[in-house]
Amino acid sequence: MMHDDPNEAGLPPHDDAIPDEAAEGADAVNPLHHRRIRSFVTRAGRVSTGQRRAMDELGPRFVVPYAPELPDWNAVFGRSAPRILEIGFGMGASTAEIAANRPGDDFLGVEVHEPGVGALLKLIGEQDLSNIRIIQHDAVEVLEHMLAPESLDGVHIFFPDPWHKARHHKRRLIQPPLVAHLVSRLKPGAYIHCATDWQNYAEQMLEVLGAEPTLENTAADYAPRPDYRPVTKFERRGLRLGHGVWDLVFRKRAA
């Protein structure tokens, strides 16, 4: 789940409120990691009437139920097109804007936060978007079971939970085992684009992505924000206050 603007990305993280024992329990054993890394933290949130209506009316078409098997994604989207995975789309405003501006690409958004799913479905209906599909499930399991090797043209991970306390850094999403698994799902030449407003997390992302031998950085270190990534209201406000935002864009080396 994106962590930043409540209007853009659901509720912000509150790892001050997560006891160590509870956080430990959230990290069940997984083949990807010695300690389970989830792509989300479950948070309470109210689904609005409009979001619920969108879920009821548009969910059957645009929400893909999780199943531990490979779907026929061309059939799911109704065409064969470049496919971009987004992990944690928050309230979906950026996802919808990117999809609207890139109609030739298909976008698979993975998010567990129900109000966020409803909000993106509402935007899909309002903007008549056909190139988005949603899975409401843990992205790690989606990667493991629903995406074939070398099937993705890109991955977007924008403003993931920073887990800012040092003792919680091990719960951050961008870690070597997950990155290796992501890379296995990328076609040669495909990209991973991450963004964060936490400098410490940006430094970790740069180190982890840079250490993956099958990836190459498209910049000397941090990349200029690509034109396709919208600037959120929260981000714009932070920039006015002098806060930093760091984008990283890496590509998978050709075989």
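All residue numbers here begin at 1 and follow the chain in the order shown.
Each residue, glycine too, has its Cβ placed from N, Cα and C.
Quick caveat, the model's predicted, so the values are computed rather than measured.
If you look up Swiss-Prot, you'll see Asp161 marked as active site. Cβ contacts within 10 Å of Asp161 (active site), excluding its own Cβ and spanning all protein chains shown: 27.
Look at Asp138 (S-adenosyl-L-methionine binding site): DSSP puts it in coil. Here Swiss-Prot flags Glu86, Glu111, Asp138, Asp161 as S-adenosyl-L-methionine binding site.
The Cβ of Asp197 (substrate binding site) has 19 neighbouring Cβ atoms from other residues within 10 Å, across all protein chains displayed. Taken from Swiss-Prot, the feature substrate binding site applies to Lys165, Asp197, Thr232, Lys233, Phe234, Glu235.
If you look up Swiss-Prot, you'll see 1-21 marked as region 'Disordered'.
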Rounded to the nearest Å - Cα separation of Lys165 (substrate binding site) and Asp138 (S-adenosyl-L-methionine binding site) = 23
Which of Glu111, Asp138, Glu235, all binding-site residues, has a Cβ with the fewest other Cβ atoms inside 10 Å | Asp138
Take the C-alpha atoms of Asp197 (substrate binding site) and Asp138 (S-adenosyl-L-methionine binding site) and report the distance between them in angstrom, rounded.
-> 23
Across the binding-site residues (Glu86, Lys165, Thr232), the Cβ with the fewest other Cβ atoms inside 10 Å is that of Lys165
